[in-house]
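Chemist: Below is a structure I'd like to ask you about.
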């Protein structure tokens, strides 16, 4: 490696090892995240046209927000760059400080310099008596308190909870793994997400994952009569692979199905119902609305012709989701029977010439008037069966269980180590018949003071007390 | 069960009120007479006992409401905010047992009290859970997150006390101004609660029509919805209302109503502040400073930090990790950048920055105390602001 390259590498290393840089990244991420919550992000808006949505809903400011790319903050190049910088910083900081700390703790001498022991925040000495025996007793007592005790002649080092010193680096490690897990979504095949809308009985393939999902019945219940507060919505789902039903589950919110590492969730339902079947009565308007009989229409698959008594009802035109526009005429919005409109030709014994007329059950007075009203017959719904489409969410995220989740657990362990555990050390040294005892902890001085005095007092050694005020600093 | 819960709830409320009075009396009385030192400890000791009674009765209130509704009552604003007040007082009871700083109670008890009162501004009926919330994770995630937020609130109280102890309020410094403003903000929240509850208790209701539909006001409609006819909706103290309408660019149908609430709160809080200021004849922060005079500032600094050191892991567990696990179970994605979870992340980043400043850059004293105080504002926004200002996947919590 030549000199110039080394300097460059060093510069990068120093940059990311700096605490200032680390804190700056954290603060910038926080500020960036705040920007991303001002207006809903594009993935959360109820419109497929963000170009218009922000302007229409939030005015000029919303439009500016969208144009600046803030409507997709969390996928923007600068946000992802910050996350990447955080990732690099976490790795470099942990190596830069964790490794030397590990080495220094590993190499620490048992016999510490007397002057260092005397300078300890907790310090006491025992003069007279059998100092050697006291040292021995001290070692035994500390061992009982789960200290790791090492001895050299006339010197003692007792230590416990060394791992607590690495708490911060364990947190960093957990976060590194978590971020890796998040970005594992970029590996081809590791991440797939989709929303599937299914009518009753309908089957649709799940992406190109090689299986299909079928809605075998959807139930919707409300707490109240006005149907404002949903109690439950659930789908009987069946998975088909190669024509075989391979799995089934009664899906509910919070209760999903896992099939071949792919999760299928009950996510939502279409609040607007569709027409399933309807029983329709044919009435003769010229004869006091006398009933001429009934017939049943399947709106997903209507017949061409229906026999009603002596009359024949022929379907001339079918618009499953009819829209009547003064300028554009009559057309259908979709192939889903949300608002069916049917044009019938009706013939019978007293009606040789087909009487053409509309039937639009959800039509308002305006549409009715536009399409004509003085019909020969009247078509009345006697009974109608509606249904809701179920919305299933498909989520295949191979990084969650093996990477993200363990990363979070490790980070939590690190938090516990860093904040709830302490690294305690006790040194003792026998010098000219005097036993010098010093102690140190990385936090919670009251704890170690109490613990040490429980050991010292029975041995007839003067208890320790803190020299300075408690300082929480971690070293 | 629901009535029993209300009784317990009321008892808890009055316990916190009594504790606040006991603490404040104990502290203001402290310096007045020579023999009052012992008396002060008597008052604050009883304050602590009353707080414990309040915490126990509120636990009973939560439990009975839970039995009635069949779920841990943390599913709407009333339930959640009162639960947060509960965790604040609980955290105080535990931390005070270790640190023995009775003065802390004079700050925490009013905070808990006002948050509890604020909770009762929201509709109090227990509604059955919508499908998204029908999961045991509701209990685990929300309660743990609230506990973390409760502990972090203690850090705010201690940080505020630190600033009061160490700032010379007689000098016109920026810190002094900010402290006075912080005290004012407390009274602003109090005014909001008092006006809301006052007009509600009086049964005030007024429908005002605007171009975007009718709005039901529970406060006098000084500001009408966009397009409302001025001076025709109501009279308040002889003044025909509304005085003016919300401008059209505010868009939302209830913008006028929200604007109106803010205006009334500001007016009421300024009146309340002016009255108290006239009685005290000096900045209110100076009055409060007297309570904390003589306290060990290093101890307060340490206490503020310790509360964050304890609360931060709890918050991480409850508000982020449990949240992610539940999101994975219910929504199919552990992270959706929903405003609530993004703000939980922002709060987490904020306290992460605090810990790095403190442990790595050696910040302590004034700087970190200010960070702890501002942290409360961040939490407040996470819990209240997000629900009221921003909508998202958590929007069921709006009412």
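Note: Cβ is positioned from N, Cα and C throughout, glycine not excepted.
What you see is a predicted model, and the numbers here were worked out from it, not measured in a lab.
Residues or ranges marked as transmembrane segment in TrEMBL: B:6-25, B:46-68, B:80-99, B:104-122, B:142-166, B:178-199, B:259-280, B:307-327, B:342-357, B:369-390. Residues or ranges marked as domain 'Cytochrome c assembly protein' in TrEMBL: B:75-199, B:267-394.
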Chemist: At a C-beta cut-off of under 8 Å, are there same-chain residues at least 6 beyond the transmembrane segment (B:178-199) that contact it? List them, or none.
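Modeler: Apart from its flanks, the transmembrane segment (B:178-199) reaches 110-111, 114, 117-118, 120-121, 160, 163-164, 167, 169, 218-220, 261, 264-266, 268-269, 271-273, 276, 283-285, 288, 373.
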Chemist: Ranking B:104-122, B:342-357, B:369-390 by Cβ pairs under 8 Å to the transmembrane segment (B:6-25), which is first?
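Modeler: Out of the listed stretches, B:104-122 contacts the transmembrane segment (B:6-25) most.
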Chemist: Could you tell me what the rest of the chain brings near the transmembrane segment (B:307-327), counting residues at least six beyond its ends with Cβ under 8 Å?
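Modeler: Sequence-distant neighbours of the transmembrane segment (B:307-327): 91, 95, 135, 137-138, 140-152, 154-155, 158, 333-336, 341, 344-345, 347-348, 351-352, 354-355, 372, 375.
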Chemist: Counting only residues 6+ away from its ends, which parts of the chain sit with a Cβ under 8 Å from the transmembrane segment (B:259-280)?
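Modeler: For the transmembrane segment (B:259-280), the list is 184, 187-188, 190-192, 194-196, 217, 219-224, 242, 246, 250, 286-287.
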Chemist: Considering only Cβ pairs under 8 Å, which range in B:104-122, B:342-357, B:369-390 makes the most contacts with the transmembrane segment (B:142-166)?
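Modeler: Comparing B:104-122, B:342-357, B:369-390: B:369-390 has the most Cβ pairs near the transmembrane segment (B:142-166).
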Chemist: Within the domain 'Cytochrome c assembly protein' (B:75-199), count helix residues (DSSP H, G, I), strand residues (E, B) and coil residues, in that order.
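Modeler: Per DSSP, the residues of the domain 'Cytochrome c assembly protein' (B:75-199) fall into 101 helix, 0 strand, 24 coil.
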Chemist: What is the number of residues in the domain 'Cytochrome c assembly protein' (B:267-394) that are helix, strand and coil, as DSSP sees it?
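Modeler: The domain 'Cytochrome c assembly protein' (B:267-394) comes out at 103 helix, 0 strand, 25 coil.
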Chemist: Please average pLDDT over the domain 'Cytochrome c assembly protein' (B:75-199) for the predicted structure.
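Modeler: Summarising the domain 'Cytochrome c assembly protein' (B:75-199) by its mean pLDDT gives 92.
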